[in-house]
Amino acid sequence: MTTTAPTSDRIDAATWRLCWVVVLGAFASGLDASIVNVGLDSITSELGSTLSTTQWIVSGYLLALAVSLPLAGWLGRRFGTGRVWLAALAAFTVASVLCAIAPSAASLIAARIAQGLAGGVLIPSGQAILGTAVGPPRLGRVMGALGIAVGAAPAIGPLLGGLILHALPWPWLFAVNVPIGVAGIALGRRIVPRGEPTGSVRLDWFGLVAVSSGLALLVVATSRWGDGGRLDAATAGMAASSVALLGLFVIASRRTRHPLLRLRLYRLPAFRAGSTAALFSGALVFGSGVVHALYFQLGHGQSPLQAGVSLIGVAAATAVTAPLAGRWVDRHGPAPAATIGGIVAVTSTLPLAISPLALPTVAVQALLVAYGVGVGLVSIPAGVTAYKAVTSTDLPDAITQVNILQRIGGSLGGAVCAVLIAAHADHLSTAFRLAFGALTVGAAGSVAAAGLIAHATRRQCRSSGRR
């Protein structure tokens with residue numbers, strides 16, 4: 001990635017301040033994706049609605065994320081990543097207020113969709129700001145810091161939501177994000193560089209509709225498949241339509257002069273390797289989120305709040321490991337961290353795949369902490385490898401595509417694990433043996449992806465040496 005950032009390996013205090021401001025936005029978006037789950041019953045009762053309706057408070061947010069995410073790269077190129085980030089955080093904060101004061105289920109769902117549209121742009125635009133600010137030699141450290149929010153917020157959400165509902169009414173589930181957003185906006189206006197637009201290319205509307213619709217259908221199909229535990233005709237039709245739309249998007253993108261996403265980046269071996277690793281890391285993060293929560297609730301009879309407490313260890317391990325992994329990647333390259341992380345993830349899930357309900361609680365907690373370490377080591381090298389492979393002009397586009405692949409991996413990973421558990425709900429030992437087995441396979445896939453990263457980075461080094 002070529003950039004105008006300083007060449008010194010040291011990250012100065014001003015850049016770290018910028019980094020932590022961007023982390024605020026990422027934390028708010030990640031927290032909101034999970035904090036509401038524990039409050040659906042309370043919201044349903046107090047708004048006089050039905051659970052099938054209020055479920056769209058969660059589903060609408062996730063669908064909106066999928067719709068807006070492909071637009072992040074074009075917005076950054078068109079208006080400047082800093083301007084886009086500030087606008088997205090402001091919209092997210094206003095939508096949080098609207099959620100908190102919503103008088104009905106319909107208005108709450110509409111506000112949640114607005115939240116999701118803004119949230120889908122926050123993380124990729126924040127990554128682009130940091131990548132442009134620090135340059136390739138220091139990219140791992142800032143992405144590792146961002147990984148604290150991305151890794152910890154989804155796990156903290158259910159626990160924080162349970163604590164809020166214990167003392168306060170449900171609107172506080174949304175109001176909790178308002179001070180975070182206000183602080184981020186106030187600091188961001190002073191610290192975040194606005195960025196220069198790199199072109200006034202018109203929006204590829206056909207590409208946007210095709211890829212956003214395809215991703216939205218994929219989210220709905222995998223969610224229905226995971227909830228029901230079986231593939232009915234409607235779900236299969238959605239999945240087939242998703243594949244068709246995404247395939248149409250790929251074909252059309254190759255023929256248009258200014259595509260929404262620059263798929264030519266996949267010609268770069270390092271970008272392909274990093275993107276593949278991102279697909280697996282998304283599956284590991286979201287798949288384990290499903291398995292671990294259900295494991296403690298169904299397998300050990302814990303309440304959602306108790307399960308949230310039980311999962312603090314894995315969230316803390318990921319949050320602590322991510323910045324350490326970023327520093328390691330900057331010093332030694334992405335391949336060692338990715339390889340060791342994948343191996344740790346495999347070895348920590350394998351015992352649970354063999355004997356999920358017979359292990360003592362202390363042993364389970366230790367294995368989950370190890371898994372959190374493995375995921376932290378796997379996730380950071382994936383993005384850094386892909387981002388370092390491209391020019392600074394292509395960076396917003398590369399970040400958008402990697403985030404899309406993480407979302408696809410997460411949707412598929414979560415659905416597969418949920419289906420395996422639902423299909424064997426009467427035999428929990430079998431259900432969790434298969435679910436943890438699926439995580440083990442996913443972790444093994446991340447080891448294979450680490451091999452691709454090692455091969456691609458060696459090719460890059462040889463190519464650089466010949467210049």
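Placement of Cβ uses the backbone N, Cα and C atoms for every residue, glycine included.
Curation does not apply to TrEMBL; its annotations are automatic.
Feature annotations, reproduced from TrEMBL:
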- 18-458: domain 'Major facilitator superfamily (MFS) profile' (DOMAIN)
- 56-75: transmembrane segment (TRANSMEM)
- 84-103: transmembrane segment (TRANSMEM)
- 109-130: transmembrane segment (TRANSMEM)
- 142-164: transmembrane segment (TRANSMEM)
- 170-191: transmembrane segment (TRANSMEM)
- 233-252: transmembrane segment (TRANSMEM)
- 273-295: transmembrane segment (TRANSMEM)
- 307-325: transmembrane segment (TRANSMEM)
- 337-359: transmembrane segment (TRANSMEM)
- 365-387: transmembrane segment (TRANSMEM)
- 408-425: transmembrane segment (TRANSMEM)
- 431-457: transmembrane segment (TRANSMEM)
Sequence-remote contacts (6 or more beyond its ends) of the transmembrane segment (273-295), Cβ cut-off under 8 Å?
34, 151, 154-155, 158, 226, 266, 304, 307, 311, 314, 334, 338, 345, 356, 368, 371, 375, 378-379, 381-387, 389, 401-402, 405-414, 416-418, 421, 432, 435-436, 438-439, 442-443, 445-446, 449-450, 452-453, 455-457
Chain residues outside the transmembrane segment (408-425) and at least six past its termini with a C-beta under 8 angstroms from it
215, 218-219, 222-223, 225-230, 278-291, 294, 298, 431-432, 434-435, 438-439, 442
Contact call for the transmembrane segment (56-75) against the transmembrane segment (431-457), three or more Cβ pairs under 8 Å
no
Long-range neighbours of the transmembrane segment (109-130), counting only residues six or more past its ends (CB under 8 A):
18-19, 22-23, 25-26, 28-30, 32-33, 36, 53-54, 56-58, 60-69, 71-73, 75-76, 81-82, 84-85, 88-89, 91-92, 94-96, 98-99, 102, 139, 142-143, 146, 150, 192-193, 195, 383, 387, 395-396, 399-400, 403
With a cut-off of 8 Å between Cβ atoms, can you find at least three pairs linking the transmembrane segment (365-387) to the transmembrane segment (84-103)? Only pairs 6 or more residues apart in sequence count.
no
Beyond a gap of at least 6 residues from its ends, the CB atoms lying under 8 Å from the transmembrane segment (84-103) belong to 22, 25, 28-29, 32, 72, 75-76, 111-112, 114-115, 117-119, 121-122, 125-126, 129, 171-172, 174-175, 177-178, 181-182, 184-185, 188-189, 192, 194-195
